[in-house]
Amino acid sequence: MNYRDYLQQLIYKIINPLIHGMIKIGITPNFITTTGFILNVVAAGMFVYAGICGGQNDLSILGWAGGVILFAGLFDMMDGRVARLGNMSSKFGALYDSVLDRYSELMTFFGICYYLSVKDYFIYAIIAFVALIGSLMVSYVRARAEGLGIECKVGFMQRPERVVLTSLGALFCGVFKDITAFDPMLILMVPLTIVAVFANITAFARVRHCYKVMTANEKKND
């Protein structure tokens, strides 16, 4: 069992009572998915608001936005769990979840890029945009590969890691907004830079994985 599976099982043990309660009162996976998406839209709006109207409290707003993203990530875990335990899994539900996940990331990174641009952190905004590109490509390569019949889950920087790094970066940027030893914006940018680098590495690693699998399959068919 790798670290991701271990943490997932640990979190499931904690939230399972809540999951069973949701199933009992009739909450559907799609409702949970939609709620998580709305929370990410709220977080994106908070980044935009911090850029326009935040003033001296803008970093505090960033911190709250990070907390909202982290909370929304919990819904991202619960929808699939409710679907499985409640026997409500469906192909449309899987599609709906995947589509709203992509919209959620787009909205979140749009908010971050907007904030950084408005605050004249131009280089930081580019890094955030590169992180967005990598995040989308990780998901796209997997979806395209699975459409070709290839399982493609390799790589480190998957969605849970991206959500945790982005949300905690924003959260702690707000918590330590009054630090004077360095620009507190670095607290957000270090994890975003990690996402930017490793998400794109993961995307290319998945392309390489698909190439190896396809090449091996072609040799078998010869």
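Counting begins at 1 with the first residue displayed.
Glycine is no exception: its Cβ is also placed from the backbone N, Cα and C atoms.
Bear in mind that the values here come from a model prediction, so they are computed numbers and not experimental data.
Listed in Swiss-Prot for this protein:
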{"type": "TRANSMEM", "residues": "32-52", "note": "transmembrane segment"}
{"type": "TRANSMEM", "residues": "58-78", "note": "transmembrane segment"}
{"type": "BINDING", "residues": "Asp76, Asp79, Asp97", "note": "Mg(2+) 1 binding site"}
{"type": "BINDING", "residues": "Asp76, Asp97, Asp101", "note": "Mg(2+) 2 binding site"}
{"type": "BINDING", "residues": "Gly80, Arg84, Ser90", "note": "CDP-1,2-diacyl-sn-glycerol binding site"}
{"type": "TRANSMEM", "residues": "99-117", "note": "transmembrane segment"}
{"type": "TRANSMEM", "residues": "121-141", "note": "transmembrane segment"}
{"type": "TRANSMEM", "residues": "163-183", "note": "transmembrane segment"}
{"type": "TRANSMEM", "residues": "185-205", "note": "transmembrane segment"}
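Shown on the structure are the features that Swiss-Prot records.
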| residue | record | CB count, 10 Å |
| --- | --- | --- |
| Asp76 | Mg(2+) 1 binding site | 21 |
| Asp79 | Mg(2+) 1 binding site | 26 |
| Gly80 | CDP-1,2-diacyl-sn-glycerol binding site | 16 |
| Arg84 | CDP-1,2-diacyl-sn-glycerol binding site | 12 |
| Ser90 | CDP-1,2-diacyl-sn-glycerol binding site | 11 |
| Asp97 | Mg(2+) 1 binding site | 20 |
| Asp101 | Mg(2+) 2 binding site | 20 |
C-alpha spacing of Asp101 (Mg(2+) 2 binding site) relative to Asp76 (Mg(2+) 1 binding site), in angstrom:
8
By CA-CA distance, flag whichever of Gly80, Arg84, Ser90 among the binding-site residues is nearest to Asp97 (Mg(2+) 1 binding site).
Gly80
Can you work out which residues elsewhere in the same chain, 6+ from the ends of the transmembrane segment (121-141), have a Cβ less than 8 Å from its Cβ atoms?
98, 101-102, 105-106, 109-110, 112-113, 152, 155, 157-159, 162, 166, 185, 189, 192-193, 195-203, 206-207, 210
Listed in sequence order, residues not in Gly80, Arg84, Ser90 with Cβ within 8 Å of the centre of the CDP-1,2-diacyl-sn-glycerol site Cβ atoms:
Pro29, Asp79, Arg81, Val82, Ala83, Met88, Ser89, Gly93, Ala94
Cβ under 8 Å to the transmembrane segment (163-183), counting only same-chain residues 6 or more beyond its ends: which ones?
59-67, 69-70, 72-73, 76, 108, 112, 131, 189-192, 194-195
By Cβ distance under 8 Å, which residues at least 6 away from the ends of the transmembrane segment (32-52) in the same chain are close to it?
22, 58-59, 61-62, 64-66, 68-69, 71-76, 78-79, 82, 93, 96-97, 100, 103-105, 107-108, 110-112, 114-115, 117-119
In angstrom units, rounded to an integer, how far apart are the Cα atoms of Asp101 (Mg(2+) 2 binding site) and Asp79 (Mg(2+) 1 binding site)?
12
What Cα-Cα separation, expressed in whole Å, is found between Ser90 (CDP-1,2-diacyl-sn-glycerol binding site) and Asp79 (Mg(2+) 1 binding site)?
12
Taking the recorded Mg(2+) 2 site as Asp76, Asp97, Asp101, identify the other residues of that chain whose CB atom sits within 8 Å of the mean position of the site's CB atoms, giving them in sequence order.
Thr33, Gly36, Asp79, Gly80, Ser98, Leu100, Ser104, Arg159
